[in-house]
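Asks: If you scroll down you'll find the structure; I have some questions about it.
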Amino acid sequence: MAGILSRAVINDPVLRAAYTHCRSSVRQRDAVEYSIMQLMPPVLRPACWAMWAAFSAADDIADATQGPRTARAARLDAWTAALERELAAGSSADPVRHALIDTVRRWRLDVAELQLSFATLKEDARGRRLETWREWSARVGDSNFSWASQSMTLLARAGVPVPMWLRRKDAYQRYLDGLYLTDTLTDLSQDLARGDISLPAEVLDHFPQATDHLRERRWSPAVSDLVTHLTEQAHRWLDQPDLTGALHPGPAEMLRTATRLFHARLDAVQEAGPVLLSRPVLPTRRIRWQILAPARARAALAWRLAPLSPPPHRSGPAYPAPRQARSPLLVQPPPAHPSGARPPTIPADHMPRHVAVIMDGNGRWATSRNLPRHQGHRVGADSAVRDVIYGAAEIGLNYLTLYAFSTENWKRDTQEITYLFENVRDQLRSDIFTNDSYGIRLRWAGRNEGLPEDLVEELLKAESTTRHRTGLTVTLCFNYGGRAELTQAAAQLARAATAGDLHPDHLSEDDLASHLLLPDTPDVDLIWRTGGERRISNFLLWQSAYAELHFTEKYWPDVDRRDLWHTISDYAQRERRYGTAPPPTSSPDRLTTQDSVQ
Ligand code: IPE
Ligand code: IPE
Ligand code: MG
């Protein structure tokens with residue numbers, strides 16, 4: 001255990017105690033899930049314990065047997081509000097939240113997604129009756145997807161991206177349904193103790209009297225038939241074909257083992273009979289061990305093949321070097337370039353993870369053709385932006401950030417500004433973001449001030465509808481300024497210090513980074529500016545501290561994905577040092593000096 005915390009680079013004694021607390025609570029509360037987490041690589045296990053312990057803590061508040069529903073909902077509100085405050089401050093006196101905050105910052109997890117799953121729990125605490133399997137399944141999706149997707153993010157951050165194939169979306173959903181139905185059956189007695197039956201009316205109505213008998217805790221033929229029906233259903237849902245196809249052997253082994261364990265849980269439910277109504281049932285230790293012992297050996301072997309990275313913060317560059325040239329998170333290739341050009345093969349460890357683009361030269365492009373400036377913006381958006389996004393997805397880039405409108409661009413005339421806004425609106429509505437199968441996620445970095453309200457709404461809506469996508473992340477820097485971003489981060493830190501949540505002497509770079517607009521986005525590896533100017537123009541000042549720079553003479557509307565690929569190929573030749581001395585063999589000067597000494 002101490003060894004695992006050290007391997008995960010968790011050295012602070014308070015944090016170690018917090019993670020240890022999470023581990024014990026997960027182990028005690030959910031033995032089967034705990035054993036599945038033990039199949040994760042050691043460096044990721046503490047994060048898994050923290051996330052699970054946090055979800056469980058919130059779930060336990062929502063499901064508490066004591067007190068009225070409104071009081072439970074209020075307690076959960078207080079718990080999540082405390083988490084929100086403490087996330088900003090960076091620490092908590094509550095060990096579970098303290099470990100979770102560290103996990104979120106260490107692995108830059110998506111806070112919005114965590115909050116979404118807590119919000120679902122709140123609805124449960126308030127009591128929500130589910131009529132149909134469809135509603136039930138949507139609820140399962142909302143509350144469980146977050147856990148699954150955060151675990152996938154962890155793996156991706158550690159160098160093992162886990163692809164989600166859209167064509168298998170239904171199969172994933174059914175599988176999650178199977179896991180959740182198994183849980184519901186195993187813990188039936190706890191639901192009954194609270195007076196809840198978390199099954200949809202649709203199925204209960206098929207077994208007349210079963211609901212009444214369940215409430216009376218009476219094991220009748222109706223209840224027995226209902227349990228048999230649900231157990232068979234859960235077995236079928238768990239048996240989704242081809243879920244592990246194309247997965248790295250590590251996650252594939254975890255998925256197979258989880259499936260076996262959950263089938264064993266269902267067998268235990270079926271064998272339990274009346275006992276099911278009085279206590280939670282689990283497969284025997286012997287059965288669990290028979291499944292887990294060989295799985296552990298296979299998982300250990302599988303992870304040895306994986307290029308795992310240590311947690312990204314504390315030392316060196318903010319993010320581990322990218323491990324995959326072609327991101328398998330890409331769900332379906334976007335349309336190819338009309339010339340038939342294909343992306344170059346970039347060695348995995350030379351591929352940038354995050355490319356940020358200053359798309360400049362629209363106005364000059366138009367003027368040189370005797371066209372009004374807005375025509376340049378139009379072609380830049382319709383042709384260059386679209387093609388570069390496709391090219392980024394095709395080459396397997398993880399993060400592409402586009403500078404679309406700066407806080408300084410308000411100095412332009414109103415008509416030009418209006419055109420620029422209309423272009424963004426059109427882009428949000430285009431297939432880049434509306435076609436689910438490209439898996440492209442949109443994020444927006446910028447301020448609301450000055451923007452039309454309906455455009456802000458469209459941006460937020462596009463962020464929300466694309467948030468689960470697992471391919472390329474496109475960040476639109478729109479009404480964005482680097483100094484404005486740093487100033488608002490400073491204001492938040494000052495507020496935390498005034499409230500006594502942060503001591504100025506202990507302020508770290510991570511603290512500041514976690515208050516930026518998109519704290520879970522990795523640092524910029526490469527800034528690319530078109531249009532011939534050689535300046536940064538207030539773009540991503542913090543995030544590009546160690547970025548490589550690339551300048552292209554072409555005006556932006558003349559650019560296409562081949563220019564992006566050329567830029568990435570050039571980046572791949574560069575040596576990044578982060579302040580270190582160059583390795584001896586690559587320095588001709590030093591060889592010369594040594595030669596002359598001899
Ligand atoms: C970049 O092109 C687009 C935005 C700044 C919004 P410009 O409009 O700056 O084009 P030039 O630099 O005037 O040619
Ligand atoms: C930078 O381009 C901003 C965007 C591309 C959105 P500008 O054209 O506004 O930059 P300056 O004014 O030449 O520095
Ligand atoms: Mg310009």
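Yeah, the Cβs are placed from backbone N, Cα and C, and that goes for glycine too.
Pasting the relevant annotations from TrEMBL:
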{"type": "ACT_SITE", "residues": "Asp360", "note": "active site"}
{"type": "ACT_SITE", "residues": "Asn409", "note": "active site, proton acceptor"}
{"type": "BINDING", "residues": "361-365, Arg373, His377, 406-408, Trp410, Arg412, Arg529, 535-537", "note": "substrate binding site"}
{"type": "COMPBIAS", "residues": "587-598", "note": "compositional bias 'Polar residues'"}
{"type": "REGION", "residues": "311-348", "note": "region 'Disordered'"}
{"type": "REGION", "residues": "575-598", "note": "region 'Disordered'"}
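A description of the local structural setting of each listed feature is requested, covering burial, neighbours and distances.
Replies: Other Cβ atoms within 10 Å of the Cβ of Asp360 (active site), summed over all protein chains shown, number 21.
In sequence order, Ile417, Leu420 make up the list of same-chain residues 6 or more apart from Asn409 (active site, proton acceptor) whose Cβ falls under 8 Å from its Cβ.
The 10 Å shell around the Cβ of Ile536 (substrate binding site) contains 16 further Cβ atoms across the protein chains shown.
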Asks: Under 6 Å from ligand 2 by Cβ, which binding-site residues from Gly363, Trp410, Ile536?
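Replies: Qualifying residues: none.
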Asks: To the nearest whole angstrom, state the Cα distance for the pair Thr407 (substrate binding site) and Asp360 (active site).
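Replies: On Cα coordinates alone, these residues lie 15 Å apart.
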Asks: With respect to ligand 1, which members of the binding-site residues Gly361, Gly363, Thr407, Ile536 satisfy a Cβ distance under 6 angstroms to one of its atoms?
Replies: Gly361, Gly363
Asks: Using a 10 Å radius around each Cβ and counting other Cβ atoms from all shown chains, which of the binding-site residues Gly361, Gly363 yields the largest count?
Replies: Gly361
Asks: According to DSSP, folded down to helix, strand and coil, what is Arg529 (substrate binding site)?
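Replies: Once the DSSP labels are grouped into three classes, Arg529 (substrate binding site) ends up as strand.
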Asks: Please report the Cα separation of His377 (substrate binding site) and Asp360 (active site) in Å, rounded to an integer.
Replies: 10
Asks: At the level of the C-alpha atoms, what whole-angstrom distance separates Trp410 (substrate binding site) and Asp360 (active site)?
Replies: 16
